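S.K.: To start, I am sharing the structure in question, which I have written as structure tokens.
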Amino acid sequence: MEFNFEPSNEKDILKKYSRNLNEEVSANKLNKIIGREQEIRRVIEILSRKEKNNPVLIGEPGVGKTAIVEGFVQKIISKEVPENLVHCVVYEVNLSSLIAGTFLQGEFEKRLNALIKEAKQNNGAVILFIDEIHQLMGMGKAGNNSGMDAANILKPIMARGEIKIIGATTSNEYRQYIEKDGALERRFQKILVEEPTPEEALTIMRGLKEKWEIYHKVRIQDNALVASVKLSERYISDKYLPDKAIDLIDEAAAKIKTEAHTSPSEPINKKIFYLETEKIALSKEEGTNQKERINEIEIELEKLKQERDLVEKEWKEQKEQQVALNKIKKEIEKNNWDVERYQNQGEYTEASKILYSVLPELKKKLEAIEKSISENKKVLIKDYISEIDVAEIISRITKIPLNKIFEKEQDKLLNLFNNLKKRVKGQDEALKLVSDTVLKNRVGINNPNRPIGSFLFVGPTGVGKTEVAKSLAENLFNTEKAIVRINMSEYMEKHSISRLIGAPPGYIGYEQAGELSEQIRRKPYSVVLLDEIEKAHPDILNVLLQVLDEGTLKDNQGRNINFKNTIIIMTSNVGALYLMENKEDMFERELKTSFKPEFLNRIDEIIKFNSITMEFAKEIAQKMLDDLEKRLKDNNYQITFDKSVVEYVAKNGYSKEYGARPINRFIQKTIENFITESILKNELIKDRSTIINFANNKLAILKSN
């Protein structure tokens, strides 16, 4: 068997294993970079050094590390860099193609050395950009005994300053791979790339708007850009700006573009198909009625076909308008780019021709097409993205109803106390304390580095402690499911702390996430309900001190979990007996015995829940019966409960000791059983208004129309 290896042409090695970013910027293939001036300036400063002139961009995924390099290349093209960098060409090295097919020992090293040799021959005019630079560690190793990986080949060359490299990687991967190799780390100069602020992200989005409009053939309203930043910041916690906001706009634009290619005549075509199918079926039968129906179908088909032809004609015309509009926009973008290019090259005559002759003519054409589009009587093609479209994408991701996303925060907060009162009866004082604390946080009076609110709910069982938590989740975070409930009776042993934040390194289960930390990482806008907190081991409460004070918690993987957008509610029955007997001093004493002072001192409010009185028992019974009425209505049973039933339920279900739960059990045992029997006996009929009352010591049905 013969092997024939053809040596690769060294002159083409850069083209083969990398892409020329200067060429792509010159051809207007890359997005124009807005902002990040400080980071780009830092890259220029490091590259201008004599030694250690290799910057490495470190930041979370999606914050714009690659965009900074592209921004630097744009500065080179527009000659906004020092003289030593004006003639530089930046190549992005493709590491995967560099190592692909190197099955023989030494082949990878040969390719890499050829790449370095060509870069060196250009007297420092070639700058190599390596994305995911941590992959150099171990790349190309032939075996465990070989140390010739890519990093070891590059280290001496980088130390002498013979080649300039720009790297990019994430914080975790830099720590995990590059920091371990001190020799490689000291050859790089770190540039930390932070996530941009919402204002900076919005500026970046506005700079990208024109490119998206031309690509997707849609107009993007400014309120859509604002909504993408605002909503992604609030509802998407596992990604970073501007990447997550860009994703929303891109997906919304793709959705509109897909809808634009769907003919509006499709529903009409379906109707025509159904009628033609019916006509064929009827034509096989004989009879006067069938013939009359066939005549009716033919008349209807004629109308529908005319309507379809008209709609399709209008749709095609509007589509042609959109194509013409997009063509003009592309020409304007190309000419704008040419103006910039000619100005950079000093060809001001050519730039002036485009600026004062070609562009005004194109803009007139654009205005004429936009005017004709606005005059369309019936808009069949939606050609713009609004904040509603962005919210629909968020709604799809988070499963939060669209109307809840757009509900005004101010209205939500002003009605918070009243909304809580509707659901929880007899605890007005407790609800007022909770709502006031939440309002202070939302207005910005509270410390922003703490959770929205932290509460210890104390009181007898069945008085509405858990119900308040559910109601808060629904009113503040738009869904009752935004509640992270942990039963603290499961954390009675000291070692169970590992279940809460994850097992430490070296222990079984280290790779698994903690119950509390992982849920908050996934759902940062939540109500955290720690039920029966007094039953947890005291050391577990020590973990919560950091959460209550700083609003953060470090999990077993070393990640900081943000609790600043959560409400922390802890429930306890400590001293409940003394509260029922109005013995405040005894209650305070038992509370201090059960919990450490540093724990109690970090809680915003200790909220005492009252025992339920007979008056409030009637209100609770009324609410539970109203809920039962709604459930029955969903099954088409129009049932109303008389006041006598409310009195009967409250009187027999009320228990000062056990709260509202016995009322619910009594309704299940008596009222629901009575309704079930009545339905089976056909005494209750669907869609008939019925009143149920309590008289002569028994439940009775009063029928009405």
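Glycine is treated like the rest: Cβ placed from N, Cα and C.
OK, Swiss-Prot features for this one:
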type: BINDING; residues: Gly59, Glu60, Pro61, Gly62, Val63, Gly64, Lys65, Thr66; note: ATP 1 binding site
type: BINDING; residues: Gly459, Pro460, Thr461, Gly462, Val463, Gly464, Lys465, Thr466; note: ATP 2 binding site
type: COILED; residues: 246-378; note: coiled coil
type: REGION; residues: 12-195; note: region 'NBD1'
type: REGION; residues: 196-399; note: region 'Linker'
type: REGION; residues: 409-611; note: region 'NBD2'
type: REGION; residues: 612-705; note: region 'C-terminal'
S.K.: I need the most crowded of these binding-site residues: Pro61, Gly62, Gly64, Gly462. Count other C-beta atoms within 10 angstroms of each C-beta and give me the top one.
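M.R.: Result for the most crowded candidate: Gly64.
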S.K.: Provide the three-state DSSP residue tally for the region 'C-terminal' (612-705): helix first, then strand, then coil.
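M.R.: Within the region 'C-terminal' (612-705) the tally stands at 52 helix, 17 strand, 25 coil.
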S.K.: Gly462 (ATP 2 binding site) to Lys65 (ATP 1 binding site): how many Å between their Cα atoms?
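M.R.: It is 54 Å, counting Cα to Cα.
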S.K.: Test of understanding: give the count of other CB atoms lying within 10 angstroms of the CB of Lys65 (ATP 1 binding site).
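M.R.: Excluding its own Cβ, the number within 10 Å is 24.
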S.K.: Can you list, in sequence order, the residues of the same chain other than Gly59, Glu60, Pro61, Gly62, Val63, Gly64, Lys65, Thr66 whose CB lies within 8 Å of the CB centroid of the ATP 1 site?
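M.R.: Near the ATP 1 site, the remaining chain residues are Thr170, Val193, Tyr240, Asp243.
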S.K.: Among all protein chains shown, how many Cβ atoms are found within 10 Å of the Cβ of Gly59 (ATP 1 binding site), not counting that one?
M.R.: 21
S.K.: Other residues with Cβ within 8 Å of the Cβ centroid of Gly459, Pro460, Thr461, Gly462, Val463, Gly464, Lys465, Thr466 at the ATP 2 site?
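M.R.: Apart from Gly459, Pro460, Thr461, Gly462, Val463, Gly464, Lys465, Thr466, the close residues are Phe457, Thr571, Phe609, Gly659, Ala660.
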S.K.: Have a look at the binding-site residues Gly459, Thr461, Gly464, Lys465, Thr466 and say which one has the shortest Cα distance to Thr66 (ATP 1 binding site).
M.R.: Thr466
S.K.: For the binding-site residues Val63, Val463, work out the Cβ neighbour count at 10 Å and name the residue with the minimum.
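M.R.: Each of the binding-site residues Val63, Val463 was scored by Cβ atoms within 10 Å; lowest is Val63.
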S.K.: So of Pro460, Gly464, which of the binding-site residues has the fewest other Cβ atoms within 10 Å around its own Cβ?
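M.R.: Output over binding-site residues Pro460, Gly464: least Cβ neighbours within 10 Å is Pro460.
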S.K.: Roughly how many Å lie between the Cα atoms of Pro460 (ATP 2 binding site) and Gly64 (ATP 1 binding site), rounded to a whole value?
M.R.: 53
S.K.: Return the average pLDDT for the region 'NBD1' (12-195) as a whole number.
M.R.: 83
S.K.: State the three-class DSSP label for Lys65 (ATP 1 binding site), counting H, G and I as helix, E and B as strand, and everything else as coil.
M.R.: helix
S.K.: Taking just the CA atoms, what is the gap between Gly62 (ATP 1 binding site) and Thr466 (ATP 2 binding site) in Å?
M.R.: 39
S.K.: Starting from the Cβ of Thr466 (ATP 2 binding site), draw a 10 Å sphere and report how many other Cβ atoms land inside it.
M.R.: 18
S.K.: Taking Cα atoms as reference points, rank the binding-site residues Gly459, Thr461, Gly464, Thr466 by distance from Gly64 (ATP 1 binding site) and give the first.
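M.R.: Nearest by Cα distance to Gly64 (ATP 1 binding site): Thr466.
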S.K.: For Glu60 (ATP 1 binding site), which of the binding-site residues Gly459, Gly464, Thr466 has the nearest Cα in space?
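M.R.: Closest by Cα: Thr466.
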